[in-house]
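These features come from Swiss-Prot:
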SIGNAL    1-23  signal peptide
DISULFID  CYS30-CYS178  disulfide bond
DISULFID  CYS52-CYS56  disulfide bond
CARBOHYD  ASN61  N-linked glycosylation site
CARBOHYD  ASN104  N-linked glycosylation site
Amino acid sequence: MFHGSGLFALLLMVLEWTRPGLSSPLRPICDLRVLDHFIKEAWDAEAAMRTCKDDCSIATNVTVPLTRVDFEVWEAMNIEEQAQEVQSGLHMLNEAIGSLQISNQTEVLQSHIDASIRNIASIRQVLRSLSIPEYVPPTSSGEDKETQKISSISELFQVHVNFLRGKARLLLANAPVCRQGVS
């Protein structure tokens, strides 16, 4: 009897969360283990591509965000500037990884590409749950100084891992919504 009532309670909770017609805001996702899951998947993709040599070159160089963090500069930025940098980086990574879908890829590589694109979309959803501003494209078309060009798929996935471990983690760890209960 308890098993059935527990399952029923779980079903009621799920239905409550997914009830159509309610426009309730997303609950903040402050647990960094969520990001750790995405980092692990990105790391798995990078590890799989490490052994790839000739088959992993990219026809044209792609632009990706720089992953190094100058902590003095980062701490001096307000949350909107930090959010814009992370959202911009996620946008660049999504564009770069998405550009790989055009070429003929192995099934393994294609699965890593698809997973990475889904993960970036999920990370954006996590940021949205934390009321972090969406990506706003820059008004000038000048080349951003916070970017680099890369020429291999393994480099791309390495940048993806490092970006998530660095700037994305810093932003999530210090999101104002998550710090409200901390004194």
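Using N, Cα and C of the backbone, Cβ positions are placed for all residues, glycine too.
Predicted, not measured: the structure shown is a model, and the values here were computed from it.
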Three-class DSSP secondary structure - CYS30 (disulfide bond): coil
Spatial separation of CYS30 (disulfide bond) from CYS56 (disulfide bond) - C-alpha basis, Å: 35
Shortest C-alpha distance to ASN61 (N-linked glycosylation site) - which of the disulfide-bonded residues CYS30, CYS52, CYS178: CYS52
Entry from the disulfide-bonded residues list CYS30, CYS52 having the most other CB atoms no farther than 10 A: CYS30
Disulfide-bonded residues (CYS56, CYS178), the one with most neighbouring Cβ atoms at 10 Å: CYS56
Distance, CYS52 (disulfide bond) to CYS30 (disulfide bond) (CA atoms, angstrom): 36
